[in-house]
Amino acid sequence: MVFSIGIDDIFYSYLRYKLSWDDKPYGWYNGLGCAFSSITIIFLYPYLHRKKNVNDVMLSIYGLIARITILLMFAFLFSSWWAYMALIPTAFTRFILTGLRAASSRLVEDNEQGKLFSLISVMNGIMSIAATLIFNGFYPLTLSFFSGTVFLVVAGLCLIPIMLLL
């Protein structure tokens with residue numbers, strides 16, 4: 001959650017810095033990304049889960065691999081078409097939380113699921129505050145030597161959840 005929220009916090013600033021995007025190209029990019037990820041989570045996730053018998057944890061890992069791919073692409077961003085190419089793996093990033101929530105719901109009794117999802121919601125709020133402070137503080141410090149540093153660091157850190165899930 002911290003990685004996703006933190007990157008989202010600096011994403012507009014990064015695209016503005018690297019590609020001189022303003023609200024309009026960013027809005028189109030963000031809208032297309034949301035559309036692709038929504039279509040993927042509505043149609044592809046259930047297909048893989050039910051028809052291909054891929055479990056929720058593996059689908060989360062696929063989402064994390066897609067997230068790492070995007071982070072590496074953006075660390076070395078050089079043009080608008082490269083940013084739009086990143087929409088392909090972006091379509092799979094919603095697999096992460098969807099798979100983790102589905103898997104965690106099977107670890108508790110039915111009457112405890114409300115507590116579980118309340119806890120996840122509270123953690124999301126706390127992580128949002130923490131991520132904003134961390135990423136908005138760290139990102140400007142990296143601009144003088146390599147603007148993609150944050151993306152590389154987060155890509156490396158995303159390997160930790162993959163190893164834990166495996």
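Placed from the backbone N, Cα and C atoms, the Cβ positions cover glycine too.
Here is what TrEMBL says about this protein:
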| type | residues | note |
| --- | --- | --- |
| TRANSMEM | 26-47 | transmembrane segment |
| TRANSMEM | 59-78 | transmembrane segment |
| TRANSMEM | 116-139 | transmembrane segment |
| TRANSMEM | 145-165 | transmembrane segment |
Residues from the same chain, set at least six apart from the ends of the transmembrane segment (26-47), whose C-beta lies under 8 A from its own: 12, 15-16, 59, 83-84, 87-88, 90-95, 98-99
Other parts of the chain folded back onto the transmembrane segment (145-165), taken as Cβ under 8 Å at six or more residues beyond its ends: 3, 6-7, 10, 14, 17-18, 57, 60-61, 64-65, 67-68, 71-72, 74-77, 135, 138-139
